[in-house]
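If you check Swiss-Prot, you get these features:
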type	residues	note
DOMAIN	27-210	domain 'BPL/LPL catalytic'
BINDING	72, 73, 74, 75, 76, 77, 78, 79, 139, 140, 141, 152, 153, 154	substrate binding site
SITE	136	site 'Lowers pKa of active site Cys'
ACT_SITE	170	active site, acyl-thioester intermediate
């Protein structure tokens, strides 16, 4: 696995990079993990989400917030500086469990990353992503083309998650967003620090995928 740090780039640019790499990985190139941030953008998944947006597009545009329809699974979510985004462009063909196992492994990466900061996070049946009690700290939405994954996860690191106030998070009225800094009550934790830990956990998890990922995918 090669890991590439893209810095903070627009959403559309990241999609273009991923789709280009999908073709290469599907043809035999090395699996690639992109780590990055996005400027403020609200995205909709294949399950919809515009009905869960509480602000019109013109108001968002005046605030410098983009809106984008995507090919990933899931509903509505937000991206912004201070949120760690990870896009795994990985071959799925031949992997035990396929996409469901990949999803489980992505959750595992985040759970282990948060544990390194002293936080106990968990999966919630029927509520994709990673949670701390009823607070969502990480959204996950993936897609597949030519048996290769793209899109991925978004882990809230910095305390300010106010962009989520403009949406019903993933269409769940009882859910609210949280962040690593807020849960640790420590604003000194940097995104780079979390990025480094997350990269290490990606390598560990995908070197030895969790058994439950295979069991849950059949």
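Cβ coordinates are placed from backbone N, Cα and C, and glycine is handled just like the others.
Sequence-distant contacts of residue 72 (substrate binding site), defined by Cβ-Cβ distance under 8 angstroms and a gap of at least six in the same chain, are 43, 45, 46, 141, 142, 143, 151. In three-state terms derived from DSSP, residue 136 (site 'Lowers pKa of active site Cys') belongs to an extended strand segment. Around residue 153 (substrate binding site), the same-chain residues six or more apart in sequence whose CB sits under 8 Å from its CB are 85, 86, 106, 109, 110, 138, 139, 140, listed in sequence order.
Cβ neighbour count for residue 170 (active site, acyl-thioester intermediate) (all protein chains, 10 Å cutoff from its Cβ): 22. The two recorded residues, residue 136 (site 'Lowers pKa of active site Cys') and residue 170 (active site, acyl-thioester intermediate), have Cα atoms 10 Å apart.
All protein chains shown were included, and the count of other CB atoms within 10 Å of the CB of residue 141 (substrate binding site) stands at 24. Looking only at the domain 'BPL/LPL catalytic' (27-210), the predicted model's pLDDT averages out at 93.
For the substrate site, whose binding residues are given in the record as 72, 73, 74, 75, 76, 77, 78, 79, 139, 140, 141, 152, 153, 154, the maximum C-alpha distance rounds to 16 Å. All protein chains included, residue 78 (substrate binding site) registers 23 other Cβ atoms within 10 Å of its own Cβ.
Note: the CA-CA distance between residue 78 (substrate binding site) and the residue listed as 'active site, acyl-thioester intermediate' rounds to 10 Å.
Secondary structure at residue 170 (active site, acyl-thioester intermediate), taken from DSSP and collapsed to helix, strand or coil, is helix.
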